[in-house]
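Lifted from TrEMBL, the feature list:
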{"type": "DOMAIN", "residues": "42-72", "note": "domain 'EGF-like'"}
{"type": "DOMAIN", "residues": "74-104", "note": "domain 'EGF-like'"}
{"type": "DOMAIN", "residues": "149-181", "note": "domain 'EGF-like'"}
{"type": "DOMAIN", "residues": "183-214", "note": "domain 'EGF-like'"}
{"type": "DOMAIN", "residues": "216-249", "note": "domain 'EGF-like'"}
{"type": "DOMAIN", "residues": "251-283", "note": "domain 'EGF-like'"}
{"type": "DOMAIN", "residues": "361-392", "note": "domain 'EGF-like'"}
{"type": "DOMAIN", "residues": "394-435", "note": "domain 'EGF-like'"}
{"type": "DOMAIN", "residues": "437-470", "note": "domain 'EGF-like'"}
{"type": "DOMAIN", "residues": "472-504", "note": "domain 'EGF-like'"}
{"type": "DOMAIN", "residues": "506-544", "note": "domain 'EGF-like'"}
{"type": "DOMAIN", "residues": "546-577", "note": "domain 'EGF-like'"}
{"type": "TRANSMEM", "residues": "697-721", "note": "transmembrane segment"}
Amino acid sequence: IGISFIYDLILNKAAKLDYSLSTKSICCSGYYSDSSGMCWPICNSRCDYGYCAAPERCQCNDGYTMINSACKPVCAHCQNGTCVGPNQCICSKGFERSNAGTCVPKCTGICLNGVCNASGECICAEGYFSSAAIADFDGLGNATLCVPNCDKPCQNGQCVGRNRCQCHDGYQPSVDQFQCEPICTSSECVNGKCIAPNVCRCNEGYRQEGDRCVPFCEPSCHNAACLQPNRCECHEGYMKYENNTFFCTAICDPPCQNGHCLRPNECECNDGYAPTSVSHKCTPFCNPNYIDAANGMCIAPNVLLCNKNYRLEKLYNSDKIGCQLICSPECVNGLCIGDGRCQCLEGYKALDDQPNICVPICDPACEMGQCVAPNECQCHEGHEKNETHLCIPTCDSNLVDCANGRCATVNVCECDEGYIWRVDSEDDYGVKRCYPICDPACINSNCTEPGVCLCWEGYNVSLTASSICEPFCEEGCENGTCIAPGECKCFEGYHRATSRSDCTAYCDPKTVDCENAECTQPDEYRCHVGFEAVYELALLKDCVPVCEQDCGNGTCAAPNECTCFEGYTAKSNESCISICEQSCEDQSGVCVENLCECSEGYSNLINAYACWPVCERCEHGECILPGECICFNGYEMNNETSVCEPLCSNCTEGTYCKVPEECACYGDNIMFIDEENNVHCLSPAETILEPHTNDALVVWLAIIGTTGGIAMLIGMAYVMYKRSTGTYNATVKMSDIKLMD
C-alpha cells in the first residue's frame, strides 16, 4: 500500500509537467561524433603510424605499408639492418652504414675513406692510399688508414689531386670547395630541402606529390582546397560547416524548403517531395503508380487527405488507392453511384433482401467448396483444386503417400497393380503408403518395386538368387571371411588391426617390444622406414628412429626429426643451435652462455633470449626505443609528466576524462548529459533541491521510488517478526498515518 501511494503521488506530479521533444543527429554504426557534430570512423584496433579511414580499416601514413594488420616502415635498402622508420635503417652488429646508405661489413680496425670487404680487409677509395705505404706513420696500432691527397676530406666527392675535390654525380662544389652539395634539377624543392641528388625532403606539414611538396591537411578538405598545412579554404559557393576547419557545405539562398542544399544554389528534394516552379521549394509527392489523388489532396509524402463525403480505400479494378464516395449503409463488393444506391461489381449479384450486399458468382457451381470470389472456389478442408479448378479429395503427405496409386478419399490411397495398401503399417516417419510386392521375399535388401530387390548398403546381389544379398568388405578381407559389411572374420593365426579392416599376422608382444615395426607373418617382424633394428642375443629387440644429420644439442625423436634441449632450436633437417645466438645480436644484445645480455636501454625480462626497449612509464602506449613511448589512439603525451593521458571532447568543469571520450564525476556526484551532449555533475543534494530540469526530475523520481521500496521491505520484515513473536496487532489508527505533501 505504501509503494502504491508513493508512485501515485509521483505520477500525478509528473503528469503536470510540460515536455517538449527535440531531435538530434546520431552517427551511423561504426562512427563517433566529435564536439562539432562531425561523424568519424571507429577502429577498435590501434592505427599506429596511420589513421582510421573507415570503420575497422586503417590507412597507413606515407612511408609505411600494411603488414599483418599493422603499419610498418618502408626502407629502400636495409639489408643487414633493421628498418625503424621510413628510410631509417639501423645496421646490425658487425655492419656500418656506407656513403651509399647501405650496411656493409665493419673492419676490426679503422677503414676511413675506404671499403671493408667481406674478409675484413680495408680497400682504400680512389684518391686515397694506405697508411702502410708511409714510413714511420704514426697510426693507431696495427690499424690501416686511407690517407687522402687533400688537406680536408672531400664530402660527397673524392680527392683526385692535391687539394682538388671531384664531386660525385648529382653534387656540386660548395663555397669552400671541400664539400659537395646535392643538386635537385627536377624541381626547385619549394617547401622542402634537397638532401640527395634529385631527392627533396618536404618540410613538416607537406608531403610529396610527384616532384613537388604540397601542403597536407588531416583530415582531408571537403569542398575546399588545402593551401597551407592543416588549413582549408572553401570553394566558391561554400562555407565552413559549424566552424569545422576541414568541412565546407554548399550555400543556397534562400534556404531549401523540404530539401537540402546539394551544390551552391541547387536544392535536392527530400525523399517523398518534388520540386516546384518556386525556387528552392519542394512539395509533398504522392506516387501516381500507387495513389489516385483525385477527390483529395496530397498533404505529406504518399499521404492523401480525401475531400468531404469521400474516404480512402482501394479502387475497383485497379491496384491503386484513392478517394471513393461514401454510401449508407456501406456498399459491399459494389460501387456507390449516388443517392445511396449500390451497383454490384462485375461477377457479383445483389442479395434479394439486402440490395447493398453483393455476393460472388461461380459457374459451374462450387461443389465440395465455397464461392469466395467470381469463379473462384475455396475448397472444403481435406480437398484441393485439380487442373480443371474442381475440388477433389486430398491425401496429406505427412500421413499418406499415394506415389504408386491415387487418392480415392481423404487420406486413403487406392494402390496400382503390384502394390498393396497396408492400413496397419507405417514407415519411420509415420506415413502410410502403397508398398511393392516381391515374391520370394527380399533378404538383406528392400523391395523397391514389384518383383525388384535393392540390396542394403554394404551388400551385393548373390550369384545364386536375385532376392538374396551378401555382405561386402570394400577394403578386402585378405586372410579372413566377410561376415557383415566392412566386418572381416580372420583366419586362425591372424587378427584385425585397429587401423585396418583386413586381417594381419599376429606376433607375440613378449617377443619384441617395438611399436615402430610391423608383423609380416606370425612371429616375424620388420622395422618401419626411418627406423633401424636393435638386436639382443641375435634377436630383434627394438626399432629406433634414424636422423641423417647430427642433432647436436638434442636427441633424435623421430625419423629425421630432432628434439632440442632447453635453450636450443632447430629448423627443418638442421641441427639444434642456440636460440640466443639466432636472435640476440639482431636485437641490441650480446649472447653470453646462451643468455642475452642487453645494451643500455634494453631489457631481457620478457624473454631471456631477446632484448626489448625499456621505457620508465608507458601505460596506454608502446615503447618503440629506449625511453621513447608512442601513445595509443585516444591518448596524448603529457609533456610535464611524460604519461599517456586519455582525450575527451565534451567534459565540462567539475568532471574529468576517465577513458577516451568518456567523462566521469568526482566522488559521489551524479552525472547527466544535457541536450547539447555536454556532461555535467550534480551532488545528491543538488538533485533533490533542484528537480526543475528533466534530468534532475528523473533522478528525484528514482530516489523517491527506491526509498519507498526499501521502506516497504523493512515494514514487511517487521510484520513477519511480530507475527512470529505473537505481538503483532493489525489495528492501525488513521491519525498515526502521515502522508507526504
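Glycine is treated like the rest: Cβ placed from N, Cα and C.
Within the model, the domain 'EGF-like' (472-504) carries an average pLDDT of 80. Long-range contacts of the domain 'EGF-like' (437-470) within the same chain: residues 418-420, 484-486, each at least 6 residues beyond the stretch ends and with a Cβ under 8 Å from a Cβ of the stretch. Long-range contacts of the domain 'EGF-like' (74-104) within the same chain, counting only residues at least 6 positions beyond its ends with a Cβ under 8 Å from a Cβ of the stretch, are 62-65, 115-116, 156, 585-586, 624-625. Per DSSP, the secondary structure of the domain 'EGF-like' (394-435) breaks down as 0 helix, 18 strand, 24 coil.
Taking DSSP states H, G and I as helix and E and B as strand, the domain 'EGF-like' (472-504) has 0 helix, 14 strand, 19 coil.
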